[in-house]
Amino acid sequence: MKSQLLSLAVAVTTISQGVVGQEPFGWPFKPMVTQDDLQNKIKLKDIMAGVEKLQSISDAHPEKNRVFGGNGHKDTVEWIYNEIKATGYYDVKKQEQVHLWSHAEATVSANGKDLKASAMSYSPPASKIMAELVVAKNNGCNATDYPENTQGKIVLVERGVCSFGEKSSQAGDAKAAGAIVYNNVPGSLAGTLGGLDKRHVPTAGLSQEDGKNLATLIASGKVDVTMNVISLFENRTTWNVIAETKGGDHNNVIMLGAHSDSVDAGPGINDNGSGSIGIMTVAKALTNFKLNNAVRFAWWTAEEFGLLGSTFYVNSLDDRELHKVKLYLNFDMIGSPNFANQIYDGDGSAYNMTGPAGSAEIEYLFEKFFDDQGIPHQPTAFTGRSDYSAFIKRNVPAGGLFTGAEVVKTPEQVKLFGGEAGVAYDKNYHGKGDTVANINKGAIFLNTRAIAYSVAEYARSLKGFPTRPKTGKRDVNPQYSKMPGGGCGHHTVFM
């Protein structure tokens, strides 16, 4: 008996020292995490308190947003860091980096009629370009798509197949004065050229309706366009927040992430406060348990400007360190008001774009979560248009959830998920209306429980999960022009 008490005393003394990278206080006495137990720790009131905090952070600043490098995002980063650090369960760090911020506005008129346009971020500025409009063929991704008389004219290009940046570059190579990209699905179009490039020309976005109307007008006669683009640029310091459980096998890391920044236009409570708070809620709930595999949470910066934070992080890891990450889970927009329960198509069965080995199994796990409760779900395009992109480019298995952005809900989807047909999943996407009032409480609660379900499964065991592919480079650029949603900003950021 004496020896048992001595052993216990030694164990408690060791735990109380709180050695960094070792198990936190009380670890041996915590129950092993299970899917049911972790899900039961998820409370809607905690989720809503989190999104309301992000709203208050945005409201505290005149810009009313949480765009990277701005005061709203700086406060977001500090709050997340302090909340997770205070648990004592994680080793937490802020990963500093500098990225180029851009803000752009555009006006476009055709034959004297004003159109509702948005400028692509990182677009070169333009002061009252007046030129004839011509149409590019085949989505404008190749030099042969541009008419011989493109020089000095503004070119109209349909979205799809290649990135906005590539379209702008091809237009520049054809010596166009500017480019207008119109959507290939209903709704307006906002995005980014992905960075500065001397090949780019001033570039704006239009809705599918306005773009098709212009194409029809050109077919029947001359269309003169006036285009203005105002662009601002600034190098900004910003941070990822990375938190890893002190306990668990650090050579078998389960990683999940969500971007913590918003667009300039608003507070970004669904995009992506919902994902940020979803994983934070799970991170806090996980502190009640011990686990076998370490879990690493990430809150990414600057997703809205081209997946910059997650790409910076992945590029900071050599192959040996990245190989410790056995899978990556991404959660971006999980509380859309007119939601659909969507799972990244890791096996490629719906969109013919497969992820690295293990991505299919992640998809099947989320399918099981919904199926076991009799809840409908559907695949969403696994195209690399969110923060998982940098991971799958290095051959890390990935998956995740998404409840929809600007794509319009169909009558068939209404039968599955309820809501309103003919209305976007999130009509306030990338707008000032993306506030707490924009959150569907049922969707965010359900999807946060799904996050908990997946974390508990993989933190407990990777038994049956495919052997981690060798870390390397992998092409994930899709070649689909009509592919519906695949995430938030990434759906319109690049393509």
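Cβ atoms are placed via backbone N, Cα and C, with glycine included.
Here Swiss-Prot has E304, H430 binding Zn(2+) 2, and the candidate from D271, D332, D345, D387 in that same listed site is D271. In Swiss-Prot, the Zn(2+) 1 site is described by D271, D332, and among H250, H259 the residue recorded at this site is H259. In sequence order, V98, H99, L100, W101 constitute the residues six or more apart from N235 (N-linked glycosylation site) in its chain with CB-CB distances below 8 Å. Considering only the recorded positions N142, D332, N352, the residues lying within 10 A of N272 (N-linked glycosylation site) on a C-alpha to C-alpha basis are D332. If you measure from the Cα atom of D271 (Zn(2+) 1 binding site) to that of H430 (Zn(2+) 2 binding site), you get 7 Å. Counting only the Cα atoms, the space from H430 (Zn(2+) 2 binding site) to N142 (N-linked glycosylation site) is about 30 angstrom.
In this view, the densest Cβ surroundings among the binding-site residues H259, H430 belong to H259, judged by other Cβ atoms lying within 10 Å.
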